[in-house]
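Following this message is one structure expressed as structure tokens.
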């Protein structure tokens with residue numbers, strides 16, 4: 001089977017492969033980031049988003065892979081074979097997990113569309129011959145280029161909603177407090 005873990009999110013393995021391997025933080029740093037930013041949602045029994053689900057699965061699979069590699073390292077007598085296993089896990093599997101964790105954390109942090117635009121613009125930049133491309137690579141940011149940042153000072157006058165535009169109070173439109181705080 002040829003399964004692309006990014007397909008349902010509008011990306012592909014090839015699109016992420018344009019980013020160099022040293023672009024992605026270590027798995028430990030990514031796991032710490034996911035825990036710091038999204039621990040409540042990841043540990044919640046409720047479904048928050050497909051990105052949360054994918055992150056949960058990646059974190060569980062990484063834990064299983066580490067358990068397996070620890071077992072192999074403990075039970076493999078030949079040091080050369082042990083080093084080959086560790087090297088393979090770190091270079092091949094480690095990179096795949098770093099890409100997967102980075103993608104889903106970035107989508108939750110910046111928004112899926114922003115991440116996809118970044119991947120496309122980086123892919124175009126990296127394939128452009130150095131003589132014809134700008135010296136700096138695109139940067140993933142929460143602020144699109146068209147955003148205008150206002151100077152400090154008086155904030156603009158806020159509009160109060162008119163009575164005609166009240167939100168419906170029907171039960172199907174209300175959200176539970178616990179879900180809002182976790183996701």
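Every residue gets a Cβ built from N, Cα and C, even glycine.
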Quick test of your reading of Swiss-Prot: among 109-131, 155-177, where does it put region '3 X 8 AA repeats of S-P-R-R-R-[PR]-S-Q'?
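Among 109-131, 155-177, the range Swiss-Prot annotates as region '3 X 8 AA repeats of S-P-R-R-R-[PR]-S-Q' is 155-177.
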Which range is it, out of 40-87, 136-183, that shows up in Swiss-Prot as region 'Disordered'?
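It is 136-183 that Swiss-Prot annotates as region 'Disordered'.
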